[in-house]
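As given in TrEMBL:
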- 3-55: domain 'Clr5' (DOMAIN)
- 325-360: repeat 'ANK' (REPEAT)
- 502-534: repeat 'ANK' (REPEAT)
- 536-568: repeat 'ANK' (REPEAT)
- 570-602: repeat 'ANK' (REPEAT)
- 939-971: repeat 'ANK' (REPEAT)
- 974-1006: repeat 'ANK' (REPEAT)
Amino acid sequence: MNEDEWQAFRPEIQRLYIDENKTLPEVRRHLESRYGFRGTKTQYERRLKKWGLVKNQKVSDLEWKFIGRRIHKRKLAGKHKSDVYKYGRQVPPGTVKTAVYGGKAYVPTTMLARESSPSTPDSILVCSPASPGLHFSSKHPLPWQSFSKLLPTDYIQHEHHSFSTTVSPRWEIMSPSCEWKQRVRTHLSLAVPWIKLDCLSGKECCSRDASAVMALMPNHETLASRSCQDANHSLDLFEIQLFLMSNSFGVSDAQNMETLRISGLDRLDRFQTLLTVEEPTAAAVAERLFASALRLFDINIVSMMLKAGMNANGVLSSTDTPGQETMSYLEYAAESSGQSGRELLELLLSHGADANLRDYSKPAMRRAICRKNTGAIEKLLLHGAIVAAKDLAAAAKYLDDMALFEHLLAACPDVNPDMDPDTYSALAEAVMRQNVHMISLLLARGADPAGTVRVGLRSGAHGFTTHLGLAIQTNELSVIEAILNARNSIVHDEIDQSSRSEYISPLALAVDRGNPGLVDLLVQAGADPRAEDPSRGLTLLEMAVTQNNIDMCRTLLAYGAPVDPPSHRRKQSPLSVAVDEERVDMVSLLLSAGARVNDEYDELPGTVLARAIEHGNVLLVDLLLNAGAERVGGSLRCIGNLKTAVYLRRANRLQSILDISGAAVLAISILSEDDALAQFLLDHSFDVNGTTVFDYLWHCACSDDDPIYVRVPETTPLSAALQTGKIRLAADILARGAEITDPDLGAALQHSLSESRDGWFYYLLDRASGHAPTAIGIAIMAGRADILQLMLSKGVSPEGVPKLKHTWQLRGPKYSLRFDEPHSVLEVAVMENNERILRTLCDSHPWGETQKGRALSLAIVFRRDELVEYLLQETLDMNQEVHVHFWNPNGHYSRADSELEKSCTPLQAAVLNQDAFLVQQILKNPTTDIDHCSNDHHAAGTALLLAVKHGNMQLVDILLDHGADVNRRCNLNGDATPLQCAARKGFLGIARRLLDHGADINYDPKHWLVQSALVEAATHGRIDMVQMLLNEGASVVGAAGRKQYKEAVSNADGNGHHAVAELIRAFKHRKEVEMRPVLELDSDNDMS
């Protein structure tokens, strides 16, 4: 088993061996029987020692001395409570207390100033206690705190219980299934997405479930403790389930319905009682239960809940069901076909659902039309539903029943509303369907053919055009004539100049369709063939040439279309496209029309003559030379074949080409294995020292197949000969005076390794000097420390950027991580996980701090623990970033894994790995920027933000204890502040902790991807988080709070969290009442 597999099971091994105090044989049996993970006793013992997982670890006298001084210093700084950890495990608080007050850790205050401080032990951490389980004292308790008092306290089956002081539900807790219990624990674990299962600092948790309970649910240490003792206690799981449900933690619909059944709330009287409870949590639970019943089409339960008083105009939230749109209850029913959908629609309408509610992307009428749900359409019309222009457009697109379409058309007050070009009108949809009858009906009702719509060309380019252009795309003459003959139809390019950059004219679309007859029709109607297509910056002739349509080219040229593009455009021309396509007839036509032959283009190789030479098309070369082509330029990448080279020599052009581009042309001919061409070129005099300097070069093979583009970085003729095994050619090139460079030495080494022939490598090595990072990189990747030592002893320097063809990736069982190409061979050693080679490199060369810092970042990302330990002893830049590309070979991406598509420093990488011990080690380096965040769009976010995202309270505490800025965020990539992130995820304990450290509760991110903490919590239905933020000063009144209040209420209502919205409204009202006397007093003082 490799290291990655051991790392994957490290958290479970730690939980079983340390947290649950199981013996090593018990741990091995558990992992083997449950996961099929088999390891020997020796392997387990080695890993336990490496990870520092030792039971009953004793604290040494020297460590106690350090602990005592640190605790006393913290007290002097006002931090009166401290937790102590050794190797990431908490030392029992009682043991610490005994040691500090009179024991081994006792240090008199008078000695603090006199005695030198002991060195900081690597294994010890002294920090503030964690805050999950904090008591949220306030005059406005959190909703769950109030609601939980109404829950049963004993497990009672088939007995009704009510509670005295307030109206409460009558609970009848039925016996839940084992599957239900397991799903509760699964949902709980998903709510706190730890990578590791470490317990939260400050608490002696014995399971992940207990830790999650403490992180999410306020004042529930007792419940957390019971979770350790009895993980299947039904009442505890019932309580957890209701909390998760009320705070919108993504509980499944089936789970909610089973909860409804086991709670006894599936009876009308009991659900009515739940709705009468004046607690926000009760309303939130009712909303989630109703939404689940609706999504599952449980008509009986939905009917019961509506009778009990549920509002029929609520919303199904996309936050409940990922991938589903936010839509009203009625919209959901209208979109659902079948008997259940019809019954649900009728049931909602009978209970007052608004048929014209249009707060979301598609109202009920449009959803019914899109689903061709005729019954729903008719029911909505009977209930007074309005048919808007977008609804009519949907009818034109989807409905085949013309009678029903005419009915909807008659009910539509305006067929021409203001719509952006991305939205098709009914007329546009009718044109796309080529329905002339429907077009006639719409035109008779006043549909405007001059409106613009979005279209795409066959090349993939997009823009907008008129309805006539859309008709042209259909290639149907009857449709085109219907629009062309309509009043207000636009034929000429009468488009606002500010919009021309995306405009595609009807004539351009006719050319794109390749129909010269349509071009005749439009030109005769007044279209201008000399116009350029602004959407792509092409002339009409270029479009025709790109399609290899010579008949269209003749038609356009006959109508006066320009043969050349405007002089300011240097990307391409009709002639250059024709040469690339090797269309001799097209090139002849354009040359006869006077096309320019000596223009230079931005795209390589720069001129039409050079393109023809690269293609190896002698006919084209001859045509161009006879037409006056002179310029080849300095960017020629290859000569297509021997025949072309011979022709160029006869035309007295070859030598001038070789004088400029000889080395590159020779290298490519060798790589293409065109030995005859290579030898022919070597018969001429030119400098063989030089490289191919283009990233992607044309691989010119001597075949009729399509040309292949291959990556050839900095290839010299000599290295090309060695790569292809052309030893005799290599000898000839050396005889011509070739200098030995890094690519040459690397190619010789690669040849030596693959062919087991060392002669050439040693021959070149004896004559090499200077930097050779590529060759050294190849040796490292081959694991050849002996060759590395030999190159270093010969004076070859590892300095520089290695140019390696190999893809940088680490393949695990499911995913791959890819990085940018290495900046130094240190990174290659890290990727190969070779400590011996890494040490050799560091000892043999004075590396810069930047290079060693990048190597450390890579080592941490890949969990190369031994390399990390070694590199931490070096002097290096602790804030160097590496960019990580996440890639899944199966094509599936998860939200958690997408966090690894980031640029991260060593500290951020350690936090991403959730390695608390390593985080502490990194923070001991005074150069570590704890708040580092680069200003590129791939920034991982601050270390504190990453810790918050993963709900890791231990890391949050460590970072805060070291002074992390609670309000720091990355500006360019739309990251939230740590508090905003905690609010979004519902981490109450972490949010409480951040507030205690000065987090700005009203911080306005001013970025469209991020919202304030209150708005984030309201948007995601975190009802307890919303209340805590309001209690702690989130503003909802006055000039500062008005915007935040509106956004929070709007987002909560818009996502179906109506109980959250009502809570915020009620709080605002109370706040305004409290402030009224103060405002009145201020007003009286102003008047006086």
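Cβ coordinates come from backbone N, Cα and C, glycine included.
Predicted automatically and left uncurated, TrEMBL annotations should be read as such.
The list of residues near the repeat 'ANK' (536-568) in space but at least 6 beyond its ends in sequence, with Cβ under 8 angstroms from a Cβ of it, reads 457-459, 461, 507-508, 511-512, 514, 516, 519-520, 523, 529-530, 574-575, 577-578, 581, 583, 585-586, 589-590, 593-596, 599. Here the repeat 'ANK' (325-360) has long-range neighbours at 294-295, 297, 299, 302-303, 306, 312-318, 367-368, 370-371, 373, 375-376, 379-380, 383-386, 388, 1054-1056, meaning same-chain residues at least 6 beyond its ends whose C-beta is under 8 angstroms from one of its own.
Sequence-distant contacts of the repeat 'ANK' (502-534), counting only residues of its own chain at least 6 positions beyond either end whose CB sits under 8 Å from a CB of the stretch, comprise 452, 455, 457-459, 461-466, 468-469, 471-473, 475, 480, 484, 490-493, 495, 540, 543-544, 547, 549, 551-552, 555-556, 559-562, 565-566. Residue counts for the repeat 'ANK' (502-534) under DSSP, split into helix (H, G, I), strand (E, B) and coil, are 18 helix, 3 strand, 12 coil. Summarising model confidence by region, the repeat 'ANK' (325-360) averages a pLDDT of 90.
Residue counts for the repeat 'ANK' (325-360) by DSSP state, with H, G and I taken as helix and E and B as strand, are 20 helix, 2 strand, 14 coil.
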